[in-house]
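Notes to accompany the following structure.
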């Protein structure tokens, strides 16, 4: 505290002094071992504190856009830049949807890699990891290992017919988890061998940084792909809900915002938060109605071994078939309707919209706290007016995790296709035993003749 007073007492301003002290105390838990400081062990440890100033970024706004908004005040200039580029990204998103599930999977993978790179680069700058041996190599190696594990699991689960046809794939699927573990162990051993005495603590900081990044980015992006295989509607509606809530909250906050919402994100307001909630509810309900009418969106994405491509053809499940619902008496008295006809999925969309607009923003608040902790404005400057890719997808990952849990808890039932794929992997004797057991059970229920 004495040192803090000494640092903050230069201008004699009490408010400035108290702010400096509180900032230092707030950052106290984030300070790492710095040589020469009392209470830290090992003078040979590298300095690894947060930087005094955020890294410099360049304005990569397209020249034509800068000229178009020239002369506007900064607030409206930022509004137009964000708006134009948001429309461009939404248009590109529609194009990806048109190109089908393979393109969407590739887009998710690309976004995952870019988000991983942005977070790792922050650690690289913040902790001054420029001289750590093998640091970047090991980061990307672990990314490859984790992706190999997750996409291998997806291959085994959704591409059973292809696996049965290709013998090398059968070997890889059979020993997939062992191979994945062996690959990870190789990286683990490389990390241990790379330890250098004067960098011990910093190397373990970066080891933890890498693994937390893998948990946040790679694991949750895999859930996005899992949702996609359940049906494109389970991918499109949650993603669109987050986009809509972001836009609605921004618009309501821009035009009507007066009351600050949370200190972590000073520009967020209660007016934007509440307006975004109601706007997202309406949007999600309408979007669910529109998409539920098309097999292309509601059918699970499956691999057709005969045509060697993904198919989205099926008999829609009950949640995508119109049902008639009786309204509560209180509602009947207000709108004069006794019943309404809608898709059950529209009711599920209300749950998704509620989460996306009330809890989803906390993913953004978490990211804001992260950036404040390391004194940076954005994860990167990839998208003018928006920041980095991670700045746009901080809420998407949380939403994808909720959607996956929601499907597993309330939607998904036994999948005959997956059961069949598992049966085909068994030995002929095992398949015959299961056939006899199933035949006997069906005969007992009278569904098969006893002479069969």
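Here the Cβ of each residue, glycine as well, is placed from N, Cα and C on the backbone.
Because TrEMBL annotations are produced automatically, they should be read as predictions rather than curated entries.
TrEMBL assigns the feature transmembrane segment to one of the listed ranges (79-111, 310-342, 376-408), namely 79-111. Between the listed ranges 112-131, 132-151, 152-171, 412-431, TrEMBL ties the annotation transmembrane segment to 132-151. Listed ranges 42-68, 231-257; the one TrEMBL annotates as transmembrane segment is 231-257. Simply put, out of 79-111, 203-225, 231-257, 203-225 has the most Cβ pairs sitting under 8 Å from the transmembrane segment (178-196). It is 347-367 that, among the stretches 79-111, 203-225, 347-367, forms the most Cβ pairs under 8 Å with the transmembrane segment (231-257). Residues 237-238, 241-242, 245, 249, 262, 264-265, 268, 273, 276-277, 280-281, 283-285, 287-288, 319, 379, 390-391, 394-399, 402-403, 406, 410-411 of the same chain lie 6+ residues outside the transmembrane segment (347-367) yet bring a C-beta within less than 8 angstroms of a C-beta in it. For the transmembrane segment (203-225), the list of distant contacts is 32, 48, 105, 108-109, 111-112, 115-116, 119-120, 123, 127, 129, 132, 135, 138-139, 142-143, 146-147, 150-151, 154, 191, 194-196, 235, 396-398, 400-401, 403-404: same-chain residues at least six beyond its ends, Cβ to Cβ under 8 Å.
Residues 109, 113, 116, 120, 124, 176-177, 179-180, 183-184, 187, 190-191, 194, 196, 199, 202-203, 206, 210-211, 214, 218-219, 222 of the same chain, all 6+ positions outside the transmembrane segment (132-151), place their C-beta atoms under 8 angstroms from a C-beta of that stretch.
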